[in-house]
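Per Swiss-Prot, disulfide bond is recorded for CYS37-CYS201, CYS120-CYS205. Positions annotated as N-linked glycosylation site by Swiss-Prot, on the basis of sequence analysis: ASN34, ASN210. What Swiss-Prot records for 1-47, 105-121, 188-212, 296-309 is topological domain 'Extracellular', and it gives sequence analysis as the kind of evidence. Among the features that Swiss-Prot reports, topological domain 'Cytoplasmic' is placed at 69-83, 144-166, 234-274, 334-358, with the record citing sequence analysis. Annotated transmembrane segment per Swiss-Prot: 48-68, 84-104, 122-143, 167-187, 213-233, 275-295, 310-333, in sequence order, evidence recorded as sequence analysis.
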Amino acid sequence: MATGDDSFPWDQDSILSRDLFSATSTELCYENLNRSCVRSPYSPGPRLILYAVFGFGAVLAVCGNLLVMTSILHFRQLHSPANFLVASLACADFLVGVMVMPFSMVRSVEGCWYFGESYCKFHSCFEGSFCYSSLFHLCFISVDRYIAVSDPLTYPTRFTASVSGKCITFSWLLSIIYSFSLLYTGANDAGLEDLVSALTCVGGCQIAVNQTWVFINFLLFLIPTLVMITVYSKIFLIAKQQAQNIEKMSKQTARASESYKDRVTKRERKAAKTLGIAVAAFLLSWLPYFIDSIIDAFLGFITPTYVYEILVWIVYYNSAMNPLIYAFFYSWFRKAIKLIVSGKILRENSSTTNLFPE
């Protein structure tokens, strides 16, 4: 699945939209080529601001998710099936920051694709692969949290490392196979040959997607989304009931120490809440883009390019959101960051450091 200008052609709207940001005169991507795409560059001020905003997002996505992966893979205390899913999700977001955002940044600001026709298609495949991989990871994480909250005592025997590994493998393989096969078989632009031919120019990266595949893409987004909403609704109800039960028991045994089950339940509820926020952030970031894709496909690409650019970069910025959410809610992640940044992670036996408060 392509996003951004990959699936929306540069046309007069893109030229007009840049006037909103004080665009200079219209130029060509490649001045010496007859088939060059037209570009309408931003004036220096807005150009610098856009590079700063987009570049900051890429750096945040790379560094933040690298910290998440390093924390989970290095510290033995974090070696759990659920955390391996989180690390794999961070890997998808990390790859967005490395392999997608820098190239999209240049394309968005300069109005041209300077990285070759082959990488244009790869870039679009990477976008789709990482998008669906993140979505499937979040779906499996929601199921994991449901099991943990609904039955915390038997949870370790139900969601094992083997189950986690299968979820990770499924998330990556299905996403990659679907995205690459869609674009490399040409199924995405079947019936749009005339449009593709008319839009093709040197310095452009237009990946057209017909109505059928736009609808299928939307279904692939919608079905896991409905699963996550349903599961987290159940988690909310269970957590509410558990909180009421704990409150009743605390009144009856005010001086009694907290049971192991109660401690586990509280910990799992907090994890479910944090990951639920991550899911909500993902859906809020992606839903406007998918809705706009449906509208464009069936109404003839009516969205102005600058609006499309905004939607796409909201999607990209989602890849930088999860580490910020973890840092805000998880004390163990904040402690892990301090150890990594200070270099204490290089000390002998640092992997056995206790990251959880007593």
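Every residue, even glycine, has its Cβ placed from backbone N, Cα and C.
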Range from 122-143, 167-187, 213-233 with most C-beta pairs under 8 A to the transmembrane segment (275-295): 213-233
Same-chain residues near the topological domain 'Cytoplasmic' (334-358), Cβ under 8 Å, at least 6 residues beyond its ends: 67, 70-71, 74-78, 327
Position of peak Cβ density within 10 Å, selected from the disulfide-bonded residues CYS37, CYS120, CYS201, CYS205: CYS205
Local Cβ density at ASN210 (N-linked glycosylation site) - other Cβ atoms counted within 10 Å: 15
Beyond the flanks of the transmembrane segment (167-187) by 6 or more, those residues with Cβ under 8 Å of it: 1-2, 84-85, 88, 121, 124-133, 136-137, 140, 207, 213, 220
Candidate recorded positions ASN34, CYS120, ASN210, pick with smallest Cα gap to CYS201 (disulfide bond): ASN34
Neighbour count (Cβ, 10 Å) for ASN34 (N-linked glycosylation site): 8
For the transmembrane segment (213-233), sequence-distant contacts whose Cβ falls under 8 Å of one of its Cβ atoms, 6 or more beyond its ends: 1, 132, 135-136, 138-139, 142-143, 145-146, 178, 182, 187-188, 272, 276, 279, 283, 286-287, 290, 293-294, 296-297
Model confidence over the topological domain 'Cytoplasmic' (334-358) (mean pLDDT, whole number): 89
